[in-house]
Amino acid sequence: MSTSRRPSRDVIPMDSFNSSPTSSIRKGNLSNGSDNITYNRQEQQGGGSKYLHDDSDLSNDTDGQVGKGLQRNLEARHLTMISLGGTIGTGLFLASGSSIATAGPGYSQVAYSLIGSMVYCFMSSLGEMTTYLPITGSINAYGTRFFDPALGFMLGWVYWFSWSVTLATELVASSLIISYWVPATQCPGWVWALIFILVLTSLNLTSVKAYGETEYWLSLIKVLAVFIFVIIGFLYIGGAIGEQAPGELKPGPEIFNLDPFHGGFVALFSIFLNAGFSFQGAELVGIAAGETKNPRKNVPRAIRQVFWRILMFYVLTILIIGMTIPYDDKELANTDGSIESSPFTRVFLRAGISVGGDIMNAVILVAVLSAGNSGLYASSRALHTLSQEGNAPKFFGYVNRYGVPVYCVLATALVGCLAFIVSLPQVGQGQAYDWLLALASTTGFVAWLGIAFSHIRFRMAYKAQGRSLKDLPFVSKLYPFGPIYTIVVCMVILLGQGYTAFAPFSIKMFLSAYVTIPFVIILYFGNKFWSKTKILKLVDVDLDTGRSYVEPDEEDEEEKGKQNWFRRILNALF
């Protein structure tokens, strides 16, 4: 698997967010065009290890000037939970049963496993790039740097728009979830949505550490909920808890084998698309890498851990649901998204936990808040990067002394509120919101395509410039299969997800399914012609600006040597 290696050069070129730690010893300055490159070396207190810091590392004391740059205040645990929490949401808690209802538990396992393998491929690609160049807003920044500024423009605005509209969907969901306890007749849903957006905006305006800490605990609740569900599910299947009603099938293979591969290839393809939507948000680790302490060490660790945990959660969850609830159960599809029909709730009830509905409603509310929190963070950083690249108004590049892009957060929250307003039945019967949602629903796959394509360009440029893979702190062992596989799967999803519009043909369904494609094309070619951008030559790709190194210290090496055989096997596998 990928390993961290000691840098081969003593002098390392590094970029800056234009602020330097006062605790470091300045070794010298170079001026290269408009870029100021600073070399810093700092002795670690209490040890002999030498750390190289780039100016973007603001985890130490800064000079106190306002608007200098983002700060590296996210820790490894924050990074892991940010990525993990972004993929465990209402899609798992409410809609996971619909996949089994459509294609049976067997095909569901196949679909989620295939999509999970694709997620690992693009996460591996993202890990290689973000460890080498840990810059904020990496999804659009890499497109600009490795291929064409127009690609970065398109990816940035698509990604920002996607998460802004997603923020609105979470506000809509929050008002519906609260109505489980407080009916809308007593308190309108928009009141709860307003409260939630104020809370999320306040958290994101405080500091990146406040966002990371909040997301850590929200994601931890979701992970624990899934973990408890898995344990209770296996206990129920084993007969340790719960009771069966007369005439019910016995949980386990008897239910699973009713029709594990139901509906044929069409059904498999249908849930293949749904599984892809369920993993949206895994790329958040790349967005957060630019504000993470020691990304060389922490980003690979987060990527290795996150994939296996996600795959374990999804595969085990689908397995348990498929072995406890028959695929032809009328409520399994949960077309209305009700809490009572959630497969999680129903498994809890079957296991004898009468408060299952209240438990799952609370967990789903946490999931909604977590998704909104991550959406506001990710979209604000994408907008900040667009401003730094000259693709958004300059004032969006402002960052306060706490390392928060204030205007980006406020603008994203405002757009999310506007999208929520158009979702109300009183405003055009919600039709405008339906189109916004259709436009945003597939843009996550566009971002994954951008990551895979950027990785291919990164490796090509790296090779063209005569550099050695030994200098990469994290190497994707799946290259070139990984990014190619990601591109193929994402293209199949983008082009095939509207197949139901053709039999019989429906112009409304067709436009709703494929509105993203012309949107992406217009953004890319519109910017290309307007700004007269050119595709970069491989030898001209900038592989140094933003690059940083941290030499592994002696304590880490000693700790690795003391690991027992079981831990070494886990590290080798994961």
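From the backbone N, Cα and C atoms, a Cβ is placed for every residue, glycine too.
Copied over from TrEMBL, here are the features:
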- 16-44: compositional bias 'Polar residues' (COMPBIAS)
- 78-537: domain 'Amino acid permease/ SLC12A' (DOMAIN)
- 1-67: region 'Disordered' (REGION)
- 81-104: transmembrane segment (TRANSMEM)
- 110-135: transmembrane segment (TRANSMEM)
- 156-183: transmembrane segment (TRANSMEM)
- 189-208: transmembrane segment (TRANSMEM)
- 220-241: transmembrane segment (TRANSMEM)
- 261-285: transmembrane segment (TRANSMEM)
- 306-327: transmembrane segment (TRANSMEM)
- 347-371: transmembrane segment (TRANSMEM)
- 404-423: transmembrane segment (TRANSMEM)
- 435-458: transmembrane segment (TRANSMEM)
- 478-499: transmembrane segment (TRANSMEM)
- 505-525: transmembrane segment (TRANSMEM)
Ranking 110-135, 347-371, 478-499 by Cβ pairs under 8 Å to the transmembrane segment (220-241) puts first 347-371
- Task: Might you confirm whether the transmembrane segment (306-327) is in contact with the transmembrane segment (110-135), defined here as three or more C-beta pairs under 8 A between residues 6 or more apart in sequence?
- Result: yes
Most Cβ pairs under 8 Å to the transmembrane segment (306-327), of 81-104, 261-285, 347-371, 505-525, goes to 81-104
In this predicted model, the domain 'Amino acid permease/ SLC12A' (78-537) has a mean pLDDT of 84
Contact set of the transmembrane segment (261-285) with the rest of its chain, CB cutoff 8 A exclusive, min separation 6+ beyond the ends, reads 79, 82-83, 85-87, 89, 91-92, 95-96, 98-99, 102-104, 106-108, 110-112, 114-116, 118-119, 122-123, 126-127, 130, 139, 299, 302-303, 306-307, 310, 314, 327, 371, 374, 377-378, 441, 444-445, 447-448, 451, 489, 493, 496-497, 499
Same-chain residues at least 6 beyond the ends of the transmembrane segment (189-208) with CB under 8 Å of its CB atoms are 70-71, 73-74, 167, 170-172, 174-176, 178-179, 214, 291, 369, 372-373, 376-377, 380, 402-404, 406, 409-410, 413, 416-417, 420, 424
Quick tally over 156-183, 347-371, 404-423 of CB pairs under 8 Å to the transmembrane segment (81-104) gives the top stretch as 347-371
